[in-house]
Amino acid sequence: MLGFFAVYGNPITHSKSPFLHNYAFTKLGLSGYYSRILLDKGANLRQNFLSNGLSGANITLPFKEEAFNQCDEVRGVAQNIGACNTWVLEDKNHLVGYNTDAQGFYECIKEYKIKNALIIGAGGSAKAVAMILQSHNIPTTLINRSVQNLSFFVHKGFECYVNSEFKPTCSYDILINTTSAGLNDNLLPCDESQLKELCSCGKYAFDLIYGKCTPFLALAQSFHLSCSDGKEMLINQAALSFELFCKQKYNKGNLEIQRIASFMNEIL
């Protein structure tokens with residue numbers, strides 16, 4: 001048995017991760033099982049993981065920073081991001097954290113030839129997106145509804161503003177919503193007039209929310225921006241996580257990321 005896996009979040013009923021991972025297990029002939037777990041408090045994340053006997057997990061909103069703080073070791077880009085979306089249990093109780101959101105996002109936009117970017121939000125997903133853009137030398141600005149969480153980005157050298165104080169002084173090639181606005185409501189991630197001004201001179205709009213046309217994307221479409229939801233990013237990060245879940249017990253030569261992603265794309 002490869003093991004039991006799950007995705008943690010709140011809310012979590014919308015998550016398609018179980019479909020993706022269980023389908024990939026089936027296609028590859030692996031005896032793994034993946035489910036969803038609703039968690040009320042992030043402080044209980046590690047305890048819940050261990051008590052459920054999981055071998056690995058994905059972590060989504062709003063627990064990615066908690067996941068970073070509660071694992072025993074952090075590897076790869078997650079060390080700079082300060083947020084983990086993937087946990088893998090090594091040995092008996094050694095919990096290793098990774099971030100596959102960053103590369104999963106970049107795979108979606110690497111062909112866009114972006115000169116600069118604006119990120120809306122300042123949570124764990126924003127950290128992943130911002131840091132991968134910075135690693136590719138793409139100037140990036142962040143805006144958030146409050147000053148909370150912006151200090152991380154300021155220390156990393158990003159230009160940051162509170163929404164109410166932000167006045168665009170240039171156009172941005174891509175607008176990226178990393179907030180939960182539009183997931184279970186009809187809210188925009190920032191003021192409508194502000195967003196209209198940004199869309200009027202933008203090229204691309206990307207919403208990390210997947211499976212629906214959010215108010216953010218609907219507004220961007222009305223300005224004829226090229227729009228993408230988070231489906232491709234979901235598949236990319238899931239395939240990267242899947243490889244991490246399996247690599248200790250499965251022949252890595254058969255775990256090409258693109259092959260896993262193609263399986264997952266069949267089911268979503």
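One-based numbering along the chain as shown.
Yeah, the Cβs are placed from backbone N, Cα and C, and that goes for glycine too.
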Matching residue for the shikimate site, where Swiss-Prot names SER15, LYS16, SER17, THR60, ASN85, TYR210 - out of ASP40, ASP101, ASP191: ASP101
GLY121, ALA122, GLY123, GLY124, SER125, GLY230 bind NADP(+) per Swiss-Prot; candidate in LEU208, LEU217, LEU244 listed for that same site: LEU208
Alpha-carbon spacing, THR60 (shikimate binding site) to LEU208 (NADP(+) binding site), which is rounded to whole Å: 11
CB within-chain contacts under 8 A for SER17 (shikimate binding site), separation at least 6: VAL7, TYR34, ARG36, ASN58, LEU234, ALA238
Alpha-carbon spacing, GLY124 (NADP(+) binding site) to LYS64 (active site, proton acceptor), which is rounded to whole Å: 5
Candidates LYS64, GLY123, SER125, GLY230, namely the recorded positions, that fall within 10 Å of TYR210 (shikimate binding site) by Cα distance: GLY230
Same chain, 6+ residues apart, C-beta under 8 Å of the C-beta of LYS64 (active site, proton acceptor), given in sequence order: ALA83, CYS84, ASN85, ASP101, GLY123, GLY124, SER125, LYS127
